[in-house]
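Remarks on the structure that follows.
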């Protein structure tokens, strides 16, 4: 079995074990499927960044084939998802937790948090998608709410109460299992009113 | 020596061989250095996507260390660079050629071209940066000009004449070797006038 350094299992394995969410799919799989649906409908263009890997050695078994024989996982310095929607840059990170009462901020790397702050400052719509597997609840939390909370309250975790009050629950269908664009739509409308 | 499937040499090797541009640095290195400078000055947030890699086998020589022992390079389905600047999503691909008279469009994968069209349609500022190594000239070509040219004239390459007339030459300094944001600034100003 392939394990990533974060301890996450590879998707196909997760799927066959059926250990995660209601549909037996990981949050990453749900978001990928959602992004494919958005792309197919030409609604938004959002892609997951490849996992950053440090390549140490490559073999050439045949003329045009490169085989990587030694490489290591690296920590991501940015978020996992980037895209464009209605002229806005979208930038977000998705995380799952088995915890029922809180999301530990330790699972968000400092580099990722700094990246979220930076893209927000430059005008992107930045957010987190957090899924509580045991509760079967998925929330979208906008960067400004997250940053304000961290700065003001010096928290090390996000409580489920805080997330429920500040975040937006993400719903979905079989085709679009994590339909976060609906929430972004409302956000854009609200932002326009604010101007 | 590590070679990527595109035939590009790895940067450190390229640097030591001094085979590419005026500063002995590849376009990719110039853009990475430029993006670091933009990030440091908090001018823009632009990152290169990691090379997509298909992982086949991973070993665990010790408890917390994952060693990839078999993996392969995959073709990129999007462009290499994504970012945010003044509220705009930036999306671009960078290419070098040794050719002195034209840039062959074959070196732009169909997936990448479709991606450029899609992000442009959704409101990103999308472009190509093309460097002619033998001429020591680097140009920025906006997606709309590229798409119009390809659609109208059914070309298989971009001639240096066309690039010089439609593109914007990119200049730079030692700290900011490929200062494309200056060109984006003018573009945003022009677009505002058009509105």
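One is the number of the first residue shown, and numbering goes on along the chain from there.
A Cβ is built for glycine as well, from the same backbone N, Cα and C atoms used for every other residue.
Lifted from TrEMBL, the feature list:
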| type | residues | note |
| --- | --- | --- |
| BINDING | A:78, A:80, A:93, A:112 | Mg(2+) binding site |
| REGION | A:1-21 | region 'Disordered' |
| SITE | A:95 | site 'Transition state stabilizer' |
Around the Mg(2+) site formed by A:78, A:80, A:93, A:112, list the extra residues of the same chain whose Cβ is within 8 Å of the site's Cβ centroid.
A:49, A:76, A:79, A:81, A:91, A:92, A:109, A:115, A:116
Distance [Cα-Cα, Å, rounded] between residue A:78 (Mg(2+) binding site) and residue A:95 (site 'Transition state stabilizer'):
14
Secondary structure of residue A:95 (site 'Transition state stabilizer') (DSSP, helix/strand/coil):
strand
Given the binding-site residues A:80, A:93, which one is most crowded in terms of C-beta atoms within 10 angstroms?
A:93
Taking every protein chain shown into account, which of the binding-site residues A:78, A:112 has the largest tally of Cβ atoms within 10 Å of its Cβ?
A:78
Are any of the recorded positions A:78, A:93, A:95 near chain B, where near means a Cβ under 8 Å from a Cβ there, and if so which?
A:78
Rounded Cα-Cα span from residue A:95 (site 'Transition state stabilizer') to residue A:112 (Mg(2+) binding site), Å:
12
Measuring Cα to Cα, how many Å separate residue A:95 (site 'Transition state stabilizer') from residue A:80 (Mg(2+) binding site)?
10
